[in-house]
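Participant: Before anything else, here's the structure in question.
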């Protein structure tokens, strides 16, 4: 039996291929994993329609050759993009209120996605299954309205899935206004301090809209026939086994690693990648470069950026630093790097870019460690590439991921506890942690552990691996005609 990449779905006698519609919340960290899943599904001979907002569509069109509604071949199937107008301009001040925005998006999204489903039904291309990612649980309502099976792609760890599940379920105690420092004891998860749970679940969080949007998915959990998780069994074995006994959780990751096997120019990136950073890495010695990137949403204080920069200089290590303009709705200034760092870069000691192909960078032999915000996509990519990390989490699931990287996976060192700590890590500590992760006995141990997880990730997506098997079963279920069964075996 072949691997995920080799399997081709044998369609039934119907002249129309199975049609799967993927609906994504806007944002690089949401679009990328769902699009990877979409490309994999399409490569098996299915038709995939990928849907997100017009605002994000505009960014994708600028960076990629995307034409709305145009079928793009992917393996034995095809994929196309559809974008719906959410009616608010990018600079609309109402976007800053996430609770207000998410309610508006639900109202518009239900209407527009329903129109799309109806349009394809009338065009004799009925949607067979709807799949969404977190923050837009209303996709399940659309599926229910049209009597279409639905599934979810969870783009955080299974440990975080368990945290939200048990918070919603009420079976585990979480911090409250009266007990804000309560430790959280989830089944099959290490005890988490109050600042180590997904921060949206803490009563002090300003982001109540995020909390409610994610919990909305858990209120609709019984409507989904499957919850796909971008993780792999051996990485979170105990909590995956436990959660699988409660709901239809199936690991299919690392998705980015499997997606590499699909030959396609379809991309959801919003910036054009450059090969200049890869060419520069080619000129550096093995395991000599610190790669620094804090994702597309995490925003560190300017003072902290300056201390990290001076810490890098103090360490004497070469660096590749991605500095991206912050999202418009954050209403904050773009980070400014110290002149000394820019001068060091000009002399060839480092490189500063606004975008880079992170997957390729992390797999480059010159990279010694990754200074990261610990978002799940970056966490999976670092583990699957065998790269140690310096953890600089900010909020959301990042603080929980940092605990796992440091204490469970043992591939990282800590550089702060998150935004709630309200502490600026000094340059001396930054330099110390960078050297700890790149030079000496501790660095060797971190690298050894990271390479172990890289091998485990490869085994998961290889023929017969856990993720390979789960994805096969999922696609076969789509082809057989999904029924709304609630049993955990699909």
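All residue numbers here begin at 1 and follow the chain in the order shown.
Keep in mind that glycine also has a Cβ here, set from the backbone N, Cα and C atoms.
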Participant: 373, 376, 377, 378, 381, 397, 398 bind UDP-alpha-D-glucose according to Swiss-Prot; which of 358, 360 goes with them?
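Facilitator: Candidate in the recorded UDP-alpha-D-glucose site: 358.
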Participant: Measuring CB to CB from residue 378 (UDP-alpha-D-glucose binding site), give everything in the same chain under 8 Å that is also at least six residues away in sequence.
Facilitator: 293, 295, 358, 370, 372
Participant: Counting across all protein chains present, how many other Cβ atoms fall within 10 Å of the Cβ of residue 381 (UDP-alpha-D-glucose binding site)?
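Facilitator: Its Cβ shell of radius 10 Å holds 22 other Cβ atoms.
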Participant: Just counting, how many other CB atoms are there within 10 A of the CB of residue 376 (UDP-alpha-D-glucose binding site)?
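Facilitator: That number is 23.
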Participant: Report, as a single number, how many Cβ atoms besides its own are within 10 Å of the Cβ of residue 358 (UDP-alpha-D-glucose binding site).
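Facilitator: So the Cβ neighbour count for residue 358 (UDP-alpha-D-glucose binding site) comes to 22.
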Participant: Return the residues near residue 398 (UDP-alpha-D-glucose binding site) by Cβ distance under 8 Å, restricted to its own chain and a separation of at least 6 in sequence.
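Facilitator: Sequence-distant Cβ neighbours: 199, 298, 373, 374, 375, 418.
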Participant: Looking only at DSSP and grouping its letters into three states, which state does residue 381 (UDP-alpha-D-glucose binding site) belong to?
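Facilitator: In three-state terms, residue 381 (UDP-alpha-D-glucose binding site) counts as helix.
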